[in-house]
């Protein structure tokens, strides 16, 4: 606030993530926000974490509806349809591992540091797609995702390399794994955009920082009329600005929270 040269008297509301997430972290944030709101007599707004990631795109340019958001992070992999502000419909989600979780588990198997996503993304640029890892498309017409089979395939492949005494080229494993992930993410997203006739496609979440995914989406939608929005890297990972962006929608409709607001680890996006 000092850097922005504002005081509490300048604020129209205080916003906070109410869920989902780890309950300890949520409670700290919620209690701090309630204290500020009460002490300065300003409205309190509870925000869904994923809504924040989606609305982070609005900090760059205005968003328009209907739109589809591809949400990719360590805990979430979802396709979210929005026909208007504040309306969220999850049309596809992971049935097991979130994409960021799969990256971290594969990275650990390869002996890479945590978080694994940036390391696999970097190594993938240096490698070749020499291994044909599976693509989990699930049943026809489904927009759901599944990455547990791919993760197991990578682990089994590395085990087989070791059993045969063959050298494991980490760069090629990273490139092959990432190609499988991106093919499914982009493929299902494209079909959903076409089926729902979305005007805009938003990329959101921590994995939105993945250069391979960003480039694949840009290539896939460059020749279409779909307005693709990819946030800058500073707005991909968790940040306070995105919570403010999502809260601005509730501020317009005066959808304020009460002082009994609590952290909700299982908060439902569609009920926002």
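Each residue, glycine too, has its Cβ placed from N, Cα and C.
When TrEMBL records 49, 53 as binding Fe cation, the matching candidate from 238, 260, 268 it lists for that site is 238. Substrate binds 71, 72, 73, 74, 75, 117, 121, 210 as TrEMBL records it, and from the list 85, 104, 132 the residue named for this site is 104. Of the listed binding-site residues 73, 210, the Cβ environment within 10 Å is emptiest of other Cβ atoms at 73. Sorted by the number of other CB atoms within 10 A, the binding-site residues 53, 117 start with 117, the lowest.
The shortest Cα-Cα distance from residue 238 (Fe cation binding site) to any of the binding-site residues (71, 73, 75) is found for 73.
The maximum pairwise C-alpha distance among 71, 72, 73, 74, 75, 104, 117, 121, 210, the residues recorded as binding substrate, is 18 Å.
The Fe cation site is defined by 49, 53, 238, and by the 8 Å test on Cβ atoms against their centroid, the other residues of the chain that qualify are 17, 50, 52, 73, 205, 206, 239, 242, 243.
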